[in-house]
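The annotation signal peptide is assigned in TrEMBL to 1-20. According to TrEMBL, the domain 'Chitin-binding type-2' annotation covers 30-96. Marked as disulfide bond by TrEMBL: 114-126, 121-139, 133-148.
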């Protein structure tokens with residue numbers, strides 16, 4: 001059931017407005033709403049069925065506060081700690097009136113409270129500025145760790161300064177929409193990245209063979225390429241080895257893919273190290289990838305791990321992350337480096353985007369416009385994965401989604417168009433697969449559209465090259481059009497166990513030698529470990 005709640009957090013705040021105002025009699029609304037965020041839901045009493053909550057709304061007459069009553073649908077209860085509706089059996093906070101208030105530091109005052117280089121805790125205690133938002137409470141009231149968002153962190157990355165940020169190592173712009181190298185849009189290749197999340201195995205290898213059949217070529221004569229964010233369990237590493245042999249990019253999507261989203265949002269440096277560097281170690285060993293090309297990662301559920309994740313990435317020489325989403329906007333955003341502050345709001349991702357400066361690229365996921373008829377201007381939130389566009393239920397709708405979003409990018413600043421999938425969605429209806437292939441072939445009929453990997457996008461951005469010179473762009477010529485046979489046609493099917501997953505026997509398919517144990521978080525090589 002835990003798998004459901006990321007969906008519930010989005011869907012089930014479609015709350016039914018409660019009826020009756022009798023509970024509000026005698027309530028001092030001004031007192032209840034004092035210093036309370038307008039988007040916080042709370043209870044007035046713990047009796048009842050745990051479905052009804054309120055929020056403060058300043059839309060009353062003369063801007064006065066009023067309470068807006070809201071009610072979860074039948075069978076659900078409201079969790080005030082997580083601020084969402086969930087199945088009643090999952091909600092443990094029915095006896096809690098409100099989300100606990102956290103003490104905040106005093107950062108903005110007319111006159112300085114503390115000496116230079118120090119900041120004030122919520123109780124007035126002065127501490128060194130460097131101690132704020134370092135992941136460890138130092139104030140007695142712990143307020144130094146309670147104002148650490150991208151916009152609040154006192155030690156946050158500075159805003160973009162183009163004079164200090166130069167390619168190939170750094171790229172930023174004030175709103176994220178500037179084209180690298182100042183090239184005119186008509187001379188920019190429209191790059192499209194097709195990415196897949198999850199295990200590579202017999203369930204989807206045929207799909208990848210179908211899409212990337214070696215016959216479809218970009219305008220430079222090289223076969224189209226994709227990026228695969230590989231999770232460990234159930235992956236066939238001989239298939240990953242062959243994808244890599246043919247020039248596709250292999251990146252990591254975690255080792256355990258734990259289905260508790262809070263594990264990722266609140267993950268420690270060591271958690272991210274074990275999950276992502278451990279996953280890379282496994283892929284390199286059992287898919288025999290020895291060229292150091294696994295340099296990208298994506299967080300499960302797109303639950304970004306804040307500064308800890310990016311500190312680990314820098315230390316472990318990961319070049320880019322591909323987990324942060326940008327809200328649907330009029331003009332899409334180009335990838336950027338995180339030396340300077342993100343050029344857009346921290347959208348979703350449990351609001352745990354990195355606030356500090358990091359030497360890492362962000363392959364931002366621009367949300368797709370999923371309106372069925374873009375000329376009909378109803379407001380619909382965008383979707384980051386194609387399969388999260390829940391209104392797409394037919395091949396025709398999928399075809400319109402692809403073309404409309406292509407036009408949005410192509411006719412504005414030509415920021416890379418990301419089409420991000422779980423293979424199971426494309427396989428759920430043959431018409432989805434057919435429409436994607438039809439779209440790819442239609443785009444390849446033009447001379448300015450390229451299907452490339454995430455790394456190839458970064459390579460172009462580091463050396464912006466106009467369309468008429470791209471045929472000789474060397475960075476895109478590597479593994480241009482690979483022919484030949486897989487490394488091994490009959491991989492080892494190693495039946496393995498590990499003490500970390502008691503009672504499970506798992507098959508590890510690899511062209512390499514079988515390890516002693518099934519590789520897992522404490523033993524990523526499978527050589528065994530001592531307690």
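Every residue, even glycine, has its Cβ placed from backbone N, Cα and C.
Given the structure is predicted, the values throughout are model-derived calculations rather than measurements.
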Disulfide-bonded residues: 114, 148 - member with fewest neighbouring CB atoms within 10 Å: 114
Least buried by Cβ count (within 10 Å) of the disulfide-bonded residues 121, 126, 133, 139: 126
Cα separation, residue 139 (disulfide bond) to residue 126 (disulfide bond) (Å, whole number): 8
Rounded inter-Cα distance in Å - residue 133 (disulfide bond), residue 139 (disulfide bond): 11
Pairwise CA distance, residue 114 (disulfide bond) versus residue 121 (disulfide bond), rounded so that it is a whole Å: 10
The domain 'Chitin-binding type-2' (30-96): DSSP-derived helix, strand, coil residue counts: 10 helix, 21 strand, 36 coil
Residue 148 (disulfide bond) to residue 139 (disulfide bond) - Cα separation in whole Å: 14
Segment confidence, the domain 'Chitin-binding type-2' (30-96), expressed as mean pLDDT: 85
